[in-house]
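Here's the structure, in structure tokens; my notes come after.
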Amino acid sequence: RSCEICHNFGADCESRAEECDSPEDQCGTVLLEVSQAPISFRTIHKNCFSSSLCKLERFDINIGHDSFMRGRIHCCDEEKCEGLQFPGLPLSLPNGYYCPGILGLFTVDSSEHEAICRGTETKCINIAGFRKERYPADIAYNIKGCVSSCPELSLSNRTHEEHRNDLIKVECTDASKIIPSE
């Protein structure tokens, strides 16, 4: 199988077709949006993916302090695989739970704050790793926050970029209940 491969800021990118390695049997498009108020940016990634990563379909992480990270994964059997657009953000109220919150880029050791969970968010996610780019050093990242359900991610998930994206931690736990102050 061959798929379009490209990465860019925004909603589109110039792609080239490349052969995929097993077990990456599907073409896919990943849209990412990262917002740390008042700054927000989106990126697009077209690539070869394993069917296990395609099953993830979407993720939404509430990092707290009006910050979030969300992604949409759309896979198909054709070389050209257009992604789905982001819907508007849902309006949801705090639900009495909290998690550690971090959006750490360029470091795996970031200072934590409390992320107040909203709506159906009752789980805490903790993801850390390194992204290898054509820079003098790897880009480290550490993301913690509230999620509605635990994604089926593990350290063994392979993508076409296995040599460029190194997950070192994937944890999902129950959120803590806020104890009302007297």
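Each Cβ is built from the backbone N, Cα and C atoms, and glycine gets one as well.
Long-range neighbours of CYS27 (disulfide bond) (same chain, six or more residues apart, CB within less than 8 Å of its CB): ARG1, CYS3, GLU4, CYS20, LYS46, ASN47, CYS48, PHE49, CYS75, CYS76, ASP77, GLU78, GLU79, LYS80, CYS81. Mapped onto three states, the DSSP output places CYS27 (disulfide bond) in strand. If you look up Swiss-Prot, you'll see CYS3-CYS27 (among others) marked as disulfide bond.
What Swiss-Prot lists as disulfide bond is CYS6-CYS13 (among others), and the listing cites similarity to another entry. In the three-state DSSP reading, CYS6 (disulfide bond) counts as strand. When Cβ atoms from all protein chains are considered, those within 10 Å of CYS6 (disulfide bond) total 15, not counting its own.
DSSP assigns CYS48 (disulfide bond) to a strand. Taken from Swiss-Prot, the feature disulfide bond covers CYS20-CYS48 (among others).
Sequence-distant neighbours of CYS54 (disulfide bond) (same chain, six or more apart, CB under 8 Å from its CB) are GLN26, GLY28, ILE73, CYS75, listed in sequence order. As annotated by Swiss-Prot, disulfide bond applies to CYS54-CYS75 (among others), with the evidence given as similarity to another entry.
DSSP assigns CYS76 (disulfide bond) to a strand. A 10 Å cutoff on Cβ-Cβ distances gives CYS76 (disulfide bond) a total of 14 other Cβ atoms nearby, all chains included. The feature disulfide bond is assigned by Swiss-Prot to CYS76-CYS81 (among others).
According to Swiss-Prot, the feature disulfide bond maps to CYS99-CYS124 (among others). DSSP classifies CYS99 (disulfide bond) as strand under the three-state reduction.
The Cβ of CYS146 (disulfide bond) lies under 8 Å from the Cβ of ILE61, ASN62, GLY64, TYR97, TYR98, CYS99, GLY101, ALA115, ILE116, CYS117, ARG118, GLU121, THR122, LYS123, CYS124, ILE125, ALA175, each on the same chain and at least six residues away in sequence. Feature annotation from Swiss-Prot assigns disulfide bond to CYS117-CYS146 (among others).
The disulfide bond annotation in Swiss-Prot covers CYS150-CYS172 (among others) and rests on similarity to another entry. DSSP assigns CYS172 (disulfide bond) to a strand segment in the three-state reduction. Applying an 8 A CB threshold to same-chain residues 6+ apart, the list for CYS172 (disulfide bond) reads LYS123, CYS124, ILE125, ASN126, VAL147, CYS150, PRO151.
Residues or ranges marked as N-linked glycosylation site in Swiss-Prot (evidence: sequence analysis): ASN157.
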Candidate with the highest Cβ count within 10 Å, taken from the disulfide-bonded residues CYS13, CYS81, CYS117, CYS124, CYS150: CYS117
